[in-house]
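Feature annotations, courtesy of TrEMBL:
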type    : residues              : note
BINDING : H58, H106, D196, H200 : Mn(2+) binding site
DOMAIN  : 33-114                : domain 'Manganese/iron superoxide dismutase N-terminal'
DOMAIN  : 128-229               : domain 'Manganese/iron superoxide dismutase C-terminal'
Amino acid sequence: MYSLRSSRVLLKSSPIVGRTTSRFGSISFVRSKYSLPELDYEFSATEPYISGKINEIHYTKHHQTYVNNLNASIEQAVEAKSKGEVKKLVALQKAINFNGGGYINHCLWWKNLAPVSQGGGQPPSAESHLGKQIAKQYGSIDKLIEITNGKLAGIQGSGWAFIVKNKANGDTIDVITTANQDTVTDPNLVPLIAIDAWEHAYYLQYQNVKADYFKALWNVINWKEAERRYQF
Ligand SMILES: [Fe+2]
């Protein structure tokens, strides 16, 4: 079982030191290697809304694969750069985008889930900045959820929905979707909640009825984390 202690580190990487040789001689370099984030709860703690088996496979297989492939892609890019292989660098951008997005999106996902016993599903405090903004824009949290579920239902194939703070528009709260593992890269958009609409996130439990998964997952959404992210 993985360590389940609380972690404040959302995107964790550890520096590794390496050495490469080029026609200019030996060059030392330091770069980061990405790893899975620690979870704040047991795999089964989000049941019955998201099964423990889904979490286990999602975390140990899917997210781990994005981590592994991101590290491998970066390593290849470092090597290509040292050799001046621009074409290879360009080709690697797709893999870095996919696996880097997968890594980031899933880090957001685990952190914006919480078991009911740890406050999962509790809406933002009415006094919080986030709670006030939701009331101002949407009237209620239920309306925001309804809009988000509508966007999730509209995703064709695999993708993600994000509830974001739009810093370029007076800190409004918007709902956007991305395809595949594309993540939110606009510096004006701060992801508050990221929702995984890939089949691997629900199929084992909900099969083809993904609307039930979209409805159920709000019972384990960590709005406290969303409140915290809204401050930034
Ligand atoms: Fe996923």
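Glycine is treated like the rest: Cβ placed from N, Cα and C.
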Other C-beta atoms within 10 angstroms of the C-beta of D196 (Mn(2+) binding site) total 26
How many other Cβ atoms are found within 10 Å of the Cβ atom of H58 (Mn(2+) binding site), counting all protein chains shown?
22
Of the binding-site residues listed (H106, H200), the greatest number of other CB atoms within 10 A surrounds the CB of H106
Tell me the residue counts in helix, strand and coil for the domain 'Manganese/iron superoxide dismutase N-terminal' (33-114), as DSSP assigns them.
61 helix, 3 strand, 18 coil
Same-chain, non-site residues whose Cβ lies within 8 A of the H58, H106, D196, H200 Cβ center for Mn(2+) are Y59, H62, H63, W109, W198, A201
Averaged pLDDT, computed only over the residues in the domain 'Manganese/iron superoxide dismutase C-terminal' (128-229)
98
